[in-house]
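Quick look at what TrEMBL lists:
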| type | residues | note |
| --- | --- | --- |
| TRANSMEM | A:12-33 | transmembrane segment |
| TRANSMEM | A:71-96 | transmembrane segment |
| DOMAIN | A:71-283 | domain 'ABC transmembrane type-1' |
| TRANSMEM | A:108-128 | transmembrane segment |
| TRANSMEM | A:156-180 | transmembrane segment |
| TRANSMEM | A:201-227 | transmembrane segment |
| TRANSMEM | A:267-287 | transmembrane segment |
Amino acid sequence: MEKRVTFRGWLLPLLLIAPQVIVSAIFFFYPAAQAIWQSLFIPDPFGLSSQFVGLGNFEFLLSDKFYRASFLTTAIFSTLVTLCSMIPALFLAVIADRLIKGSGVYRTLLIWPYAVAPAVAGVLWLFMFNTRVGVVSWYLGQLGYDWNHVLNDAEAMGLVVVASAWGRISYNFLFFFAALQSVPKSVIEAAAIDGAHFWRRFFTIVLPLLSPTAFFLLVVNVVYAFFETFGVIHTITGGGPQQATTILVYKVFSDGFVGQDLGSSSAQSVILLIVVGLLTVIQFKYVEKRVHY
Amino acid sequence: MAAQQHGMVEKRGAGIWLTHAFMVLGVLIIFFPIWLAFVASTVSQPEIVSPPMPIWPGDQFWENYRAALFAGVNVPVATMLFNSLVMAIGIAVGKIVISLLSAFAIVYFRFPGRTTFFWLIFLTLMLPVEVRIVPTFEVVAGFGMLNSYYGLIFPLIASATATFLFRQFFLTIPDELAEAARVDGARPMRFFVDIVVPMSRTNIAALFVILFIYGWNQYLWPLLITTDPEMNTIVMGIKQMFPSGDDVAEWPVIMATSILAMIPPVIVVVSMQKLFVRGLVDSEK
């Protein structure tokens, strides 16, 4: 779509667009180019010079069992976060949609966790499950279950998943609720007249109508789990125990800043760039479809 | 009236109470972590370190919040709150301003390189700060912007999302308005300030809500570039309050800080709920 009526001149528009282009060039394109460039070198241990290794860093990464483990960890983590945030959200939205009165109040209350930063959510959940003072871990102890996410891989993963999914429930709820509200009531009533009970109506009519929203949320939540959960992991587990909760983004950080392994960290950044690229393409393909929908 | 329209498929009687009960249960579960943090911020350290901690608020509210705000652990939380406020507002305002300007240029002018610039901006969608942290850190360090508000704000300020949102909106502004402005001999910037910006105010407000929360909740970036506690933001500063090693954390103060860290974004979201929902839906399109 283009405007028919435009203003003349070329200097003014260039000046107008300049701030964004300059900021993007300095803080987006130059660093991204740097990442790609550095990924082709291995710096010597003193950081004085570096040696060109071509795709050596990538070859090393892809054969590195820790990196492959991190890929698997990320896959498990993002799948669980997506499921644990979408299913409760859908459930709550379906219930809220059945209420004529009061759904606004519930919505206001349910929005809260979205405003809580992932890192703060991490601290809240860490507090509940802290091995020394945590309330939940204490009651689990009373029941005979010895909770220790500092040592147990599965418990650590479970905790970071729940802490990451918690705030997203709000987000998903808002989208599911809006989608449910726009399902035409006449269709549902017609089905009800035909004798379809609630769950039948839900699975045959409502759920298919929700699928565009659900797919959109699926992509958005995967992106969230990949890139925005750093704060949760850093506050709760620091990537541990061993590397049980080291997702890809966390590994870029720990190899690049803590380990000072620039070549490898840059190569990891480049791999992540490709992942983001793919996810963005999927998202846009879908958005195009939704516009026609 | 509404009740009658929906009568066919709505639950009533016992069913409606069951539905409410489920909803309340859901809200309680979702709220539990926040409630517990609030309780912890109102009791004393000994009450927390001998579990189970109480489930109702204690009488140490003022003591804990005063300790957090004016003493903190490394730095008073009041300082961190101020830093977060500057960062969040800086990012929100900065993004909105540069996006308004560039979207106006792209929509209302034909100039050399227009398509190229458009795609360059589009590409930045694919570069979240998390994937380019090391080189971006080097750039910021090179500019001497570590431990500064510039360093906190600028790398997060370019936003393709906001530019697209405004572009989309500008395209819906009737051509007659621009036509009239041109006939009247109004300069483009006059048209921008008098017509375009006022018409965009709802979009601007909705975007502000989203961007404020985005900026306030940043963690990784402030963690990397603010080595001086005086420049810490509250969201990243909480983690710094935990002692290293085996010392017991000052839980009441840490939890008071957590509550303080969530108050501003919660106020923004809840008080501007309509705008927030709209901004959310718009910015994800």
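Glycine too: its Cβ is placed from the backbone N, Cα and C atoms.
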>> Using a Cβ cut-off under 8 Å, which residues of the same chain at least 6 positions beyond either end of the transmembrane segment (A:156-180) come close to it?
In response: 73, 76-77, 80-81, 84-86, 88-90, 92-94, 96-97, 103, 107, 110-114, 116, 118, 121-122, 124-126, 129, 149-150, 206, 209-210, 212-214, 216-217, 221, 224-225, 229, 232-233, 236-237, 240-241, 244-245
> the transmembrane segment (A:71-96): which same-chain residues, six or more beyond its ends, come within Cβ distance under 8 Å?
Replying inline: 103, 106-107, 110, 157, 160-162, 164-166, 168-173, 176-177, 179-180, 202, 206, 210, 214, 217-218, 221-222, 224-226, 229, 243-248
>> Are there residues at least six beyond either end of the transmembrane segment (A:267-287) with Cβ under 8 Å to its Cβ atoms? List them, or say none.
In response: 32, 35-36, 39, 57-58, 61, 67, 212, 215-216, 219-220, 222-223, 226-227, 248-249, 251-252, 255-256
